[in-house]
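K.L.:
Before anything else, here's the structure in question.
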Amino acid sequence: MNLKELLHNIDIDAKVYGKISPIEVRNLTKDSRNIGFGDIFIANKGKRCDGNDFASLAVENGAIAVVSSIYNPFLSVVQIISPNLSLLEAQLAAKYYNYPSRKLCVVGITGTNGKTTVSHLIKFLFDACDKPSGLIGTIEHILGNNRIQDGFTTPESCLLQKYLAEMVKSNLTAAVIETSSIGLVLDRLANVEFDVGVLTNVTLDHLDFHDSFEEYIKAKLQLFAQLSDSGLAVVNNDLPQAKQFLEATRAVPVTYGIEQLADYRASNLRFSPFGADFDLIHKGEIFPCHSPLIGQYNVYNVLAAIAVTHQRLNCDLQQLVSLVASVKSPRGRLEPIQSGPCPIYIDYAHTPDALDNVCQTLRTLLPSGGKLIVVFGCGGDRDRSKRKIMAQVVEKYGFAVVTSDNPRGEDPETIVNEICSGFVKRNFSIEIDRKQAITYALSIASDRDIVLVAGKGHETYQIFKHQTIAFDDREVVHEVLSSYV
């Protein structure tokens, strides 16, 4: 596609400076370091740096146009200037990659917790039902044979559209996307045409980014506002906000749940260390179901995935129930470590609600006389209001070993002290070094205890103010256990 074609009929408020020639566009990018001839440079202003400061370098490296919110009279190339830069970026990216979402069945999952598990479950079921799918999410982006880890739950528009286009090129027929509230607010998902929207749950998170809980909910509502009247709005009907989300969309409502009446409802729940058994009720029929994923919150995740697949693909419900028995949890989601002297789990839980769900689940698995030992911290430069609450959650269920998560720009000791201010009882220990914290937790555990290492899950790094180091909770656990042999 050439520059003239790309800019033709763009309906975002934008002004073009310079002569538009039919020169071929090679790429859309925000990285001035990797610019080549034929690229369009998008000069975004971020928290840490301003892309406009690198526009001249981008032009020197071969950029044929610059997209920005600020006109630069010293640039010798075409400039596309708009006050709605994020929407303009989304529209240009979608057009450049030939609107790939129109060629896929696109499922968007939003919610404070559960997005990753639900997205992996849907991909698993879609693939099993001959609907080969890609995935864009927190752990990785799966684009056919290509797997990418870039650290973004919801990538920026240029990358997101590029990934969707790669799925089309790889002959995939569906895309499952984790849609974060931040990604929605920053318009990263604008010009993605969703066929299905899924709501897992809504609890406190990201209040460092959103002004209030109401604004956080409003952000998530955007996904459902994007659905057409032929789409599906799949909502957890046990949520207080369920009605609000269903009223915000033109799409066909589909509900799931445990406590309230729903299109897909679980009853007669039984839990064990080997998973959950329940009766799935749909239109008066009962389907006995076994899931290897433990905990009530994972029953909700399974229900969401079944509802989406059954409604969208019209698969046999009994077939889906049978498939669920062989699902596997995503990496770092209540992931068991098999070689320990007691049960050890790695989990990504980093919000009060997620931590409560995981601790509650694991406590039910404790043998008589056993205790739950929880290693956890809180991320730096993130919502500080949840730090005390995290301590209060863990205190309900067991012994806490408070440590560092990803301190980022904050002092680790300050974060730990803020967490510990939430404890009422002195049933905790402090080990700021995360490896030492894991070592200590394992050293005090008996064979009747359960150890939970929470907060980082699948992550293989730890972020400090001046450096990011390699750090994998699973590897550290194995290293500590091997030292006992």
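Here the Cβ of each residue, glycine as well, is placed from N, Cα and C on the backbone.
Annotation source Swiss-Prot lists ATP binding site at Gly111, Thr112, Asn113, Gly114, Lys115, Thr116, Thr117. The N6-carboxylysine annotation in Swiss-Prot covers Lys220. The meso-2,6-diaminopimelate binding site annotation in Swiss-Prot covers Arg382, Asp405, Asn406, Pro407, Arg408, Gly455, Glu459 and is backed by sequence analysis. Taken from Swiss-Prot, the feature motif 'Meso-diaminopimelate recognition motif' covers 405-408.
I would like each feature placed in context: is it buried or exposed, what are its neighbours, and how far apart are things?
P.N.:
In the three-state DSSP classification, Thr112 (ATP binding site) falls within coil. For Thr112 (ATP binding site), the Cβ neighbour count at a 10 Å cut-off comes to 20, with all displayed protein chains included.
A 10 Å cutoff on Cβ-Cβ distances gives Lys220 (N6-carboxylysine) a total of 24 other Cβ atoms nearby, all chains included.
Non-local contacts of Asn406 (meso-2,6-diaminopimelate binding site) by the CB criterion (under 8 A, 6+ apart in sequence, same chain) comprise Gly379, Gly380, Lys456, Glu459, Gln462, Ile463.
Beyond the motif 'Meso-diaminopimelate recognition motif' (405-408), the same-chain residues lying 6 or more positions past its ends with a Cβ under 8 Å from any Cβ of the stretch are 350, 376-382, 415, 434, 455-456, 459, 462-465.
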K.L.:
Expressed to the nearest Å, what is the distance separating Thr116 (ATP binding site) and Gly455 (meso-2,6-diaminopimelate binding site) at their Cα atoms?
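P.N.:
So the Cα of Gly455 (meso-2,6-diaminopimelate binding site) lies 14 Å away from that of Thr116 (ATP binding site).
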K.L.:
Taking DSSP states H, G and I as helix and E and B as strand, how many residues of the motif 'Meso-diaminopimelate recognition motif' (405-408) are helix, strand and coil?
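P.N.:
Output for the motif 'Meso-diaminopimelate recognition motif' (405-408) reads 0 helix, 0 strand, 4 coil.
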K.L.:
What span in Å does the meso-2,6-diaminopimelate site cover, taken as the longest CA to CA distance among Arg382, Asp405, Asn406, Pro407, Arg408, Gly455, Glu459?
P.N.:
17
K.L.:
Given a separation of at least six residues and a C-beta threshold under 8 Å, show me what packs close to Gly114 (ATP binding site) in the same chain.
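P.N.:
When sequence neighbours closer than 6 are ignored, Gly114 (ATP binding site) has Thr200, Asn201, Tyr297, Tyr300, Asn301, Ala304 within Cβ distance under 8 Å.
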K.L.:
Based on Cα distances to Lys115 (ATP binding site), point out the closest of the recorded positions Lys220, Arg408, Gly455.
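P.N.:
Ranked by Cα distance from Lys115 (ATP binding site), first place goes to Lys220.
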K.L.:
Tell me the Cβ neighbour count for Gly455 (meso-2,6-diaminopimelate binding site), meaning other Cβ atoms within 10 Å of its Cβ, over all protein chains shown.
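P.N.:
There are 28 such Cβ atoms around Gly455 (meso-2,6-diaminopimelate binding site).
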K.L.:
Nearest to Thr117 (ATP binding site) by Cα distance: which of the recorded positions Lys220, Asp405, Arg408, Gly455 is it?
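P.N.:
Closest by Cα: Gly455.
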